[in-house]
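Student: The following feature annotations were taken from Swiss-Prot:
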{"type": "DISULFID", "residues": "46-62", "note": "disulfide bond"}
{"type": "DISULFID", "residues": "50-64", "note": "disulfide bond"}
{"type": "DISULFID", "residues": "58-76", "note": "disulfide bond"}
{"type": "CARBOHYD", "residues": "55", "note": "N-linked glycosylation site"}
{"type": "CARBOHYD", "residues": "78", "note": "N-linked glycosylation site"}
{"type": "SIGNAL", "residues": "1-25", "note": "signal peptide"}
């Protein structure tokens, strides 16, 4: 092996070890423990729009969702079928899990 090849391998090893160290030193994101599928959660669109930068909000049963930041119009979604802990509720309002 030439010295040029050895230098390439050494640089790669240093970068790989540095990457591993950086990944292990950062706090890990907690993963959901329930195994619900996306079909359990079906938000419904509300017939209105919103714009937080202009203080235009959704009605009380809907939540404003914008994609991006700045002066952007968002879409209102009804989230009444979700208990906000990650479990979908049955149509009668009782938790099915």
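Just so it is clear, glycine is given a Cβ too, placed from its N, Cα and C backbone atoms.
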Student: Per DSSP, to which secondary structure element type does residue 55 (N-linked glycosylation site) belong, with helix, strand and coil as the options?
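Tutor: In three-state terms, residue 55 (N-linked glycosylation site) counts as coil.
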Student: Among the recorded positions 46, 50, 55, 62, 64, which ones place their C-alpha within 10 angstroms of the C-alpha of residue 78 (N-linked glycosylation site)?
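Tutor: Final answer, ordered: 46, 62, 64.
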Student: Whole-number Å distance between the CA of residue 76 (disulfide bond) and the CA of residue 64 (disulfide bond)?
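Tutor: Cα-Cα distance, residue 76 (disulfide bond) to residue 64 (disulfide bond): 5 Å.
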Student: How big is the Cα-to-Cα gap, in Å, between residue 55 (N-linked glycosylation site) and residue 46 (disulfide bond)?
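Tutor: Given the Cα positions, residue 55 (N-linked glycosylation site) is 18 Å from residue 46 (disulfide bond).
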Student: In whole Å, how far does the CA atom of residue 46 (disulfide bond) lie from that of residue 64 (disulfide bond)?
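Tutor: Rounded to a whole number, the Cα-Cα distance is 10 Å.
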Student: Would you identify which of the glycosylation sites 55, 78 has the most other C-beta atoms lying within 10 angstroms of its C-beta?
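Tutor: That would be 78, with the most Cβ atoms nearby.
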Student: CB neighbours of residue 62 (disulfide bond) within 10 A?
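Tutor: For residue 62 (disulfide bond), the count of other Cβ atoms within 10 Å is 21.
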Student: So how many other Cβ atoms are close to residue 50 (disulfide bond), meaning within 10 Å of its Cβ?
Tutor: 21
Student: Name the residues of the same chain, 6+ apart in sequence, whose Cβ is under 8 Å from the Cβ of residue 58 (disulfide bond)?
Tutor: 46, 48, 50, 64, 76
